[in-house]
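Read through the structure below, which is laid out as structure tokens, and then see the notes.
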Amino acid sequence: MHEAQIRVAIAGAGGRMGRQLIQAAMAMEGVQLGAALEREGSSLLGSDAGELAGAGKSGVIVQSSLEAVKDDFDVFIDFTRPEGTLTHLAFCRQHGKGMVIGTTGFDDAGKQAIREASQEIAIVFAANFSVGVNVMLKLLEKAAKVMGDYSDIEIIEAHHRHKVDAPSGTALAMGEAIAGALDKDLKDCAVYSREGYTGERVPGTIGFATVRAGDIVGEHTAMFADIGERVEITHKASSRMTFANGALRSALWLKTKKNGLFDMRDVLGLDVL
């Protein structure tokens with residue numbers, strides 16, 4: 001293998017995101033698809049990962065055992081569900097493998113497990129791996145510092161009918177970026193649902209609204225509304241390949257890291273702007 005390459009393993013190989021990640025790994029220079037995983041009992045076990053993803057023969061067979069492929073990858077990429085990701089995290093921590101985590105919906109204990117593991121292995125953990133979304137998060141911080149103290153802030157997100165968590169991880173990251181810029185904790189100012197007689201809007205809160213419909217890949221808007229004007233900052237994704245390419249870019253970036261917890265803004269160098 002060329003010195004510049006990094007070998008990746010893809011979790012959830014048969015899922016929508018897993019297939020995109022396989023395609024991206026096979027296409028991206030400097031990346032080698034080393035392993036592809038599916039759950040025990042899946043009808044996809046034994047398939048060629050590249051053919052499964054519609055990218056042509058890869059020579060990588062879909063398996064269910066991480067132990068069987070532990071010598072075939074350097075970085076594990078996981079966009080599955082929290083319980084599965086935490087199992088994979090424990091394995092990677094034990095075997096010194098880097099991780100790129102795009103799974104959302106973790107509770108506080110899950111997030112703490114990721115923080116603890118990052119003391120021993122390098123992890124990029126992000127709610128969204130799109131370059132555009134991460135630029136948007138930086139813009140939200142700037143807007144919040146100028147307008148946040150006097151405007152009503154609302155975050156609206158829309159995703160496909162199959163998404164199982166709400167609000168989306170990206171919407172929560174948007175809220176955290178805004179709250180952080182205002183020296184607040186999102187837990188203290190978030191309003192996640194409104195129904196019935198709610199009374200007037202409480203000043204200083206950050207509202208969230210969620211749409212689940214059709215095949216929407218991902219749309220996010222933050223609204224800063226005052227009397228007579230409002231500013232809206234929006235990102236719309238039209239292809240999951242945007243997220244897949246960002247995840248592979250993160251895996252390449254991790255090549256020089258031994259441990260630590262990072263996000264996509266670190267990968268892109270946005271914190272220096």
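Each Cβ is built from the backbone N, Cα and C atoms, and glycine gets one as well.
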From E38, E83, E141, the one annotated by Swiss-Prot with G12, A13, G14, G15, R16, M17, G102, T103, T104, A126, A127, N128, F129 for NAD(+): E38
Those binding-site residues listed as G12, G14, G169, and which of them has the most Cβ atoms within 10 Å of its own Cβ: G12
Largest tally of Cβ atoms lying within 10 Å of a Cβ, found at which of the recorded positions R39, H159, H160, K163: H159
Distant-in-sequence Cβ neighbours of R16 (NAD(+) binding site), under 8 Å, six or more positions away: H162, R240
Inter-residue Cα distance where the pair is T170 ((S)-2,3,4,5-tetrahydrodipicolinate binding site) and G14 (NAD(+) binding site), in Å: 23
Inter-residue C-alpha distance, H160 ((S)-2,3,4,5-tetrahydrodipicolinate binding site) and R39 (NADP(+) binding site) (nearest angstrom): 23
Minimum Cα separation from E38 (NAD(+) binding site), reported as the residue among recorded positions H159, K163, G169, T170 that achieves it: K163
